[in-house]
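Features reported for this protein in TrEMBL:
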TRANSMEM  56-78  transmembrane segment
TRANSMEM  90-109  transmembrane segment
TRANSMEM  121-140  transmembrane segment
TRANSMEM  152-176  transmembrane segment
TRANSMEM  183-201  transmembrane segment
TRANSMEM  213-236  transmembrane segment
TRANSMEM  248-273  transmembrane segment
TRANSMEM  293-315  transmembrane segment
TRANSMEM  322-343  transmembrane segment
TRANSMEM  349-368  transmembrane segment
Amino acid sequence: MSHYEIVAICRQFLFDSCNRKSESIQLRLGKMETRTTSNQQAEKDEKMSKTMKKSLLAMNCIMLGVGNCGGPLVQRLYFVKGGKRVWTSSWLQTAGWPFLIIPVIVSFIHKTRNGKEAKLISLKPSLFLPCAVLGVLTGFDDYLAAYGVSRLPVSTSALIIATQLAFTAGFAFILVKQKFSAFTINAIFLLSIGAVVLALHTSSDRPAHESSLMYYEGFFMTLGASALYGFILPSIELTIKKAKQQVTYSLVMEMQIVMSFFATAVCTVGMLINHDFKAIPREARNFDLGEATYYVILAVNALLWQFFFLGAIGVIFCASSLLSGIIIATLLPVTESLAVLFFHEKFQAEKGLALTLSLWGFVSYFYGEIQQMKKMKRERDVGLPA
């Protein structure tokens, strides 16, 4: 082989090596650009997801607030103005579930128009069964709550319902391993003490036409409703966490439809046994505010309670069952004020003390949450795990 041929071969080898290196560098750059684009897209999606979740949380808090304050007031109005059917009142708390079909359909149409694969009914049997069981429990809880409202002033029953937070916290600790800060424990303690203070003054606000026995029945029925719903909220959170499918807000609405359907079925059986369906026309004719107003009150009652239940499960989906319980407890001052305003209920010193303790608990909880958020932000800033 001549000298020129050896030089030519070396040149060709060097040229090929340079080309391969150039192609490798371009490939790496391309991968880096793709990875950067993917990361940017992931960050953008995560940001949109967080924004959407915050918006959903705010919307559900508003619905929970409207239902939590308006539901008991309209329910009490039914009893004050001549309504006497407890099973009917409990039935109305979940009978508004057909209203939820509309947003489910709207969500389905929106997804299909955006080219996403969607099903009108996405609830799987593995999720359907626990929702059905929770629905049955909700039906009995509705009856306990309605019985309490039929016997107690709204301001009293609302203060008793505030004890639900303690039950929710306890069951959340057992079922979903909810972690507590010192501020959360303080809030639970204060709300519980407020209910005890209220219980000590017992029947000083007892309506004139009721016996002490009826008043005590209402008190303990409301306390039972508080305990049962305190169990239901963490159970819903556990069901969502254990779901063997992707949980979206549309699916949450489907879950609420199933729970409300079975709760309504339980109350329907009670109405049939108690002959409430036959009594409704007669009760409407004798209603103090008129027959037409009677049916309007029933419809508004059903709608407000759907706001409450959808708001509660929505807050659980976006945050936790404990936060849902906290919101219910902290709306107490609004319900108290509206009850005194519309029904001219008495507001004794014991109620004032219970209300003060509840507000103190509310401030304690949210102060703790703010401190926790600041701590997590500091840990992220220095690169430590939150």
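Heads up, the Cβ atoms here are built off N, Cα and C, so glycines get one too.
Counting Cβ pairs under 8 Å to the transmembrane segment (293-315), the top-ranked stretch among 90-109, 121-140, 213-236 is 90-109. Stretch with the largest number of CB pairs closer than 8 A to the transmembrane segment (90-109), among 121-140, 152-176, 248-273: 248-273. For the transmembrane segment (213-236), the neighbouring stretch richest in Cβ pairs under 8 Å, chosen from 56-78, 121-140, 152-176, 248-273, 322-343, is 152-176.
For the transmembrane segment (56-78), same-chain residues at least 6 beyond its ends with a Cβ under 8 Å from one of its own Cβ atoms are 89, 92-93, 146, 149, 153-154, 157-158, 249, 297-298, 300-301, 304-312, 314-315, 317-319, 324, 327-328, 331, 334-335, 338-339, 342-343.
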